[in-house]
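Participant: Following this message is one structure expressed as structure tokens.
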Amino acid sequence: MGYSNLPGENNSDDSHEPLILPRNIHSEPMAAPSLETADDNDHGHLKKKKKAKTNKFAFICAIMVSMAVALLGYDLGVMSGAIIYIKDEFRISDVQVEILVGSINIYSLFGSIAAGRTSDWIGRRYTVVIAAAFFFAGAFLMGISTNYTFLMIGRCFAGIGVGFALTIAPIFISELAPPSYRGFLTTFPEVFGNIGILLGYVSNYGFSKLPANQGWRFMLGIGAVPSVILAVGALIMPESPRWLVMQGRLAEARRVLDKISDTKEESRRRLDDIKKAAGIPRDRNDYDVVAAPKRGEGVWKDLLIHPTRRVRHILLCALGVHFFQQAIGFDSVVFYSPRIFEQAGVTSTDDKLLATIGVGVMKTVFILVAMFLLDKVGRRPLLLTSYVGVIVSLATLATSLTVINQDPTRKVPWAVNLSVSMVLSGVAFFSIGVGPIPMVYSGEIFPLRLRAQGIGLGMVVNRVMSGVISMTFLSLCKAITIGGAFFLFAGVSVVGFVFTFLFYPETQGKTLEEVDGLFGSFVYWRSADFKGGKEEEVVDA
């Protein structure tokens, strides 16, 4: 087996022997060779225009897919205010509130489990349509609910849509995005999720002016409108080139890659890499459809029962990043922010809703910061920095809430102000790393054959933990006080920081096919990536 003269191109044969690569091949981001040589300088201006066009195309596709997660964000944000009025109208207990709020995460498990297999079967974009259909049904049913049971049925439909959306969005965008700005585009779901949360908070405040029995129904039901836009948009988007290659539809895949790559040369190189990962010979370029290897068979066996050392490391990182994102308790801040502000001494309903809007603004602003830093700073530094800020914010919030609750009848202005400030600070630090990176990271690290089911498994862990936190937060606060709950979350954040420091390699600038070679050493400082590329790495052909 020889090496190509082009950076990042693989000229291996089609055998299943491992290819031994010098580790420093992975030490720098893959860059497309410059096409503006002495022989084609006359065409430079046209090529620059082409690059702008393709970047815009990938950008628009990422926005459309991310609308699915925006619907989830809206649901999470709007429920925090709607529940105030739902509780009064239906006269439900705190336990029923916890079940209503948190059950969406339990229902989403069914969507997450089904989404991976479904997206391999019917394609990525039609799976987005399915997510939109469930969202539409859920929002419509919740908007016309006449009792608690009816509301839970709508919540079930919305939850299944959540599971589909959270699984398919990172798959679709990571498979469309060029490596040079994949981190930027794969933060879009988190960005739109935060925008959705903010719109939910604004909706709470706006519709709160209506009669109480109508306001919350408008808050929930209006979510049906953007789901229709999402479904239509998904139908006009291109299919994932990697899914097309998995089906043997090389001509279609090549056309999509030409649109979403920076240059034609990069498009050809990406197609070669994808064909190699799919087990299709590189020379099969002249056919519209080729016989691709059967997909989906034995995936769960290779993922869970008999995984290789590398797959075990990938699985550990994917499940870990999702577990800690939810286990540190920030879903409780989204779901119960009015209650948290009430515990902190903010008593007016309008003031609580306005403070909650401040949380949404903070989340949105700092996720935009993360979007522009991911491809410059890298995933690992942002994640570690985020954990440090979250730990300090949660510990300080817990201290101030403890002071306030020692004597609820006495106003402690400095503690009230500190509590509100620490909620906003914690949200900001969460949003630059722990919030967006799990979706980015899990979308990058799985091999092509295992990607859909692997991401689905990560989302199952994410939703289970979110459900546990949201369905037990009020009971936990009663058991150990609200200050004690946030001390607990701060302790979990410390464990998350250590876990990240030990096990997570940097994936910045690598193609999806290169990222696979970063795993297998488990402890980061033992890896060749940490040592500057002095070791060799076995890459399975």
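Glycine too: its Cβ is placed from the backbone N, Cα and C atoms.
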Participant: For the transmembrane segment entry in TrEMBL, name the matching range from 307-327, 454-474.
Facilitator: 454-474
Participant: Select the range from 150-172, 416-442, 454-474 that forms the most Cβ-Cβ pairs under 8 Å with the transmembrane segment (184-203).
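Facilitator: Between the candidates 150-172, 416-442, 454-474, the best contact partner of the transmembrane segment (184-203) is 416-442.
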Participant: Counting only residues 6 or more past its boundaries, what in the same chain has a CB within less than 8 Å of a CB in the transmembrane segment (126-144)?
Facilitator: 65, 68, 71, 75, 111, 115, 118-119, 150-151, 153-161, 164-165, 168-169, 172, 217-218, 220-224, 227-228, 230-231, 234-235, 237
Participant: Counting Cβ pairs under 8 Å to the transmembrane segment (353-374), which of 57-85, 381-404, 416-442, 454-474, 480-504 comes out on top?
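Facilitator: Between the stretches 57-85, 381-404, 416-442, 454-474, 480-504, 416-442 has the largest tally.
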